[in-house]
Amino acid sequence: MEKLTDLNYTLSVITLMNDTLHTIMEDPGMAYFPYIASVLTVLFTLHKASIPTMKIALRTSRCSYKVIKYCIVSIFNTLLKLAGYKEQITTKDEIEKQMDRVVKEMRRQLEMIDKLTTREIEQVELLKRIHDMLIIKPVDKIDMSQEFNQRQFKTLNEWAEGENPYEPKEVTASL
């Protein structure tokens, strides 16, 4: 177990692996060899570094499950970034946080819609009352007999007060 955390041992294994790959593939025209070697080196280093890191994390922390989960997610996200992917793995806690945020936003929007609907209903009721007040009465219900020009039909004696209301009056003002 001590060899797993020994840096010299890890570096010697990486050097041995690189030397082995160089001897196997001695073709100078091999264009992808540096990329393959670097990927294998990164994978080996991650493998060798992750085990001691998790052991140290488990010893020092009380919440072992969350630490292991975080380490694994971080390792996979690093591998995805090395592979060129922009997506990331998210933990269940992050998904629950995002779901809570979405649900909270939906509740806020529903409350706003409810307020707007209530205001619209109040406005419709107000418009209905205004319309009821402005409705024009039908002609057959209005007594139009007093609206005709009665000056031609009645004489001075027939007027109620003895004067024709349509005649202009003389107005005198005191000076």
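Backbone N, Cα and C define each Cβ position, glycine as well.
Swiss-Prot has this to say about the protein:
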- 1-28: topological domain 'Lumenal' (TOPO_DOM)
- Asn8: N-linked glycosylation site (CARBOHYD)
- Asn18: N-linked glycosylation site (CARBOHYD)
- 29-51: transmembrane segment (TRANSMEM)
- 52-175: topological domain 'Cytoplasmic' (TOPO_DOM)
- Glu120, Gln123: Ca(2+) binding site (BINDING)
What Cα-Cα separation, expressed in whole Å, is found between Asn18 (N-linked glycosylation site) and Gln123 (Ca(2+) binding site)? 79
Given the recorded positions Asn18, Gln123, which one's Cβ is surrounded by the fewest other Cβ atoms within 10 Å? Gln123
Glu120 (Ca(2+) binding site): tally of other CB atoms within 10 A of its CB: 10
